[in-house]
Amino acid sequence: MAITDSHSPIDSASTSADAAADAEAERAVARAIREIAAGHVIVVADDESRENEGDLICAARYATTANIAFMATHGRGLICTPMSAELATRLDLPPMCTANTDNHQTAFTVSIDHVTTSTGISARDRSLTALACIDPDTRPQDFRRPGHMFPLVARPGGVLERNGHTEATVDLARLAGLEPCGLCCEMMKEDGTMMRRDDLRAFADEHGLALITIAQLQAYRRAHEFPRTMCRVAQVQLPSDYGTFTMVGYEADGAEHVALVMGDDVLAAMAGDAPVREPVLCRVHSQCLTGDVFGSQRCDCGPQLREAMRRVTERGRGVILYLSQEGRGIGLLNKLRTYELQEQGLDTLDANLKLGFPADAREYETAAAMLRDLGIASIDLMTNNPDKIGQLERAGIVIDRRVPLVIAPTDYDAQYLSTKEHRMGHLLGALAKEN
């Protein structure tokens with residue numbers, strides 16, 4: 001192995017280029033997940049050393065006549081219905097053949113049409129068939145066989161097990177918080193030859209579609225499927241001053257977090273039924289012992305938590321994630337040390353920096369993982385913090401709407417709130433004046 005100077009200009013440039021590529025891939029996949037969750041079609045390209053082809057992909061929930069017609073008109077390839085093995089088993093879809101000799105072991109099942117269709121080939125008929133695949137009331141006998149829709153069975157490990165469009169379709173649907181089923185259609189040019197990478201980019205740009213590669217999706221999953229050790233530990237009823245919540249306890253990489261959940265559809269999704277379809281009112285709240293428990297007026301944390309609980313109860317539906325992130329992620333005792341520095345004249349940001357901490361050490365991957373576990377992909381987020389919005393969106397959560405959560409300043413926390421607004425970018429100004 002050659003030994004090189006890690007500080008050489010070439011190595012630094014390479015590292016910088018890699019970091020830029022990683023950031024671009026992160027943004028591309030996060031956008032693709034949002035587009036899938038919103039019901040749009042995207043383009044997914046595979047490895048240039050594999051098929052070097054692209055597919056149009058959307059979630060089965062959004063297998064509309066318009067989306068299928070777009071695939072048929074512009075993709076021109078075979079429209080298939082990738083799904084999880086569990087769904088294929090429930091629908092009793094056996095393999096198309098017993099000895100699969102396909103170059104890439106694509107797992108076709110017997111083709112199907114829903115019994116309510118006519119010929120089965122129209123965009124409307126194919127829409128009916130695809131939507132029936134994810135309807136929990138659908139029975140195997142509700143399909144005619146053979147038909148004009150071609151289910152494909154994804155490997156359990158998704159693109160981390162097999163780098164195919166089948167797995168990419170199901171992974172993207174899952175990451176978007178939807179049923180593990182979608183549509184894919186190979187993309188051909190007008191002359192019948194396959195679109196390659198440059199063609200795919202030009203097509204995506206022309207139609208305003210998100211474009212990602214399977215390699216980017218693999219990297220995204222490896223980076224974002226954290227915390228690796230997160231598990232749901234307990235679930236209890238929590239009567240409170242604001243109403244009765246279902247409290248769900250999580251353990252993630254040694255830290256403990258809870259979710260307060262309310263709403264029939266949210267509870268059903270949490271129990272494993274269909275994912276939540278409409279955006280859920282949500283507060284992602286970082287633990288603050290001094291504010292939440294002792295009523296400290298140094299910050300607005302306690303009033304924000306109580307107001308969030310009140311709003312969820314008023315709506316009768318929502319979720320509050322309470323994360324073990326004391327002191328913006330630096331811990332209780334270090335927060336008290338910053339208070340000492342604040343009493344000497346530093347603001348909340350400079351106090352953190354003086355102790356060698358970032359202004360805000362919090363990360364929200366765990367929050368995104370908790371939302372996905374609860375079956376929630378789209379939220380109305382109660383926050384004034386743009387960084388929280390950005391991190392959750394990059395983790396694949398759709399922020400349908402930001403709901404301001406501004407608490408009127410007191411004599412004790414006015415400077416704290418001013419620092420958050422003017423130095424940390426929190427969205428407080430005009431709304432604080434209204435309060």
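Quick reminder: no glycine exception, Cβ is built from N, Cα and C everywhere.
DSSP classifies ARG162 (D-ribulose 5-phosphate binding site) as coil under the three-state reduction. The D-ribulose 5-phosphate binding site annotation in TrEMBL covers ARG50, GLU51, ASP55, ARG162, ASN163, GLY164, HIS165, THR166.
The Mg(2+) 1 binding site annotation in TrEMBL covers GLU51.
In the three-state DSSP scheme, HIS148 (site 'Essential for catalytic activity') falls into the strand class. Residues or ranges marked as site 'Essential for catalytic activity' in TrEMBL: HIS148 (among others).
Sequence-distant neighbours of GLU186 (site 'Essential for catalytic activity') (same chain, 6+ residues apart, CB-CB distance under 8 A): GLU53, GLY54, ASP55, GLY75, ARG76, GLY77, LEU78, HIS165, MET194. The annotation site 'Essential for catalytic activity' is assigned in TrEMBL to GLU186 (among others).
The domain 'GTP cyclohydrolase II' annotation in TrEMBL covers 232-404.
Annotated GTP binding site per TrEMBL: ARG283, VAL284, HIS285, SER286, GLN287, GLN304, GLU326, GLY327, ARG328, THR348, THR383, LYS388, in sequence order. Classification of THR383 (GTP binding site) by DSSP places it in coil, neither helical nor stranded. For THR383 (GTP binding site), the Cβ neighbour count at a 10 Å cut-off comes to 23, with all displayed protein chains included.
According to TrEMBL, the feature Zn(2+) binding site maps to CYS288, CYS299, CYS301. Long-range Cβ proximity for CYS288 (Zn(2+) binding site), meaning a same-chain Cβ under 8 A and a gap of 6 or more residues, is found for SER296, CYS299, CYS301, GLY302, LEU305, GLU326, GLY327.
For ASP55 (D-ribulose 5-phosphate binding site), the count of additional Cβ atoms within 10 Å of its Cβ stands at 29 [all protein chains shown]. Here the binding-site residues are THR166, GLN287, and the one with the most other Cβ atoms within 10 Å of its Cβ is THR166. ARG328 (GTP binding site) is 40 Å away from GLY164 (D-ribulose 5-phosphate binding site) when you measure Cα to Cα. Mean pLDDT of the predicted structure over the domain 'GTP cyclohydrolase II' (232-404): 91. GLY164 (D-ribulose 5-phosphate binding site): 24 other CB atoms within 10 A of its CB, across all protein chains.
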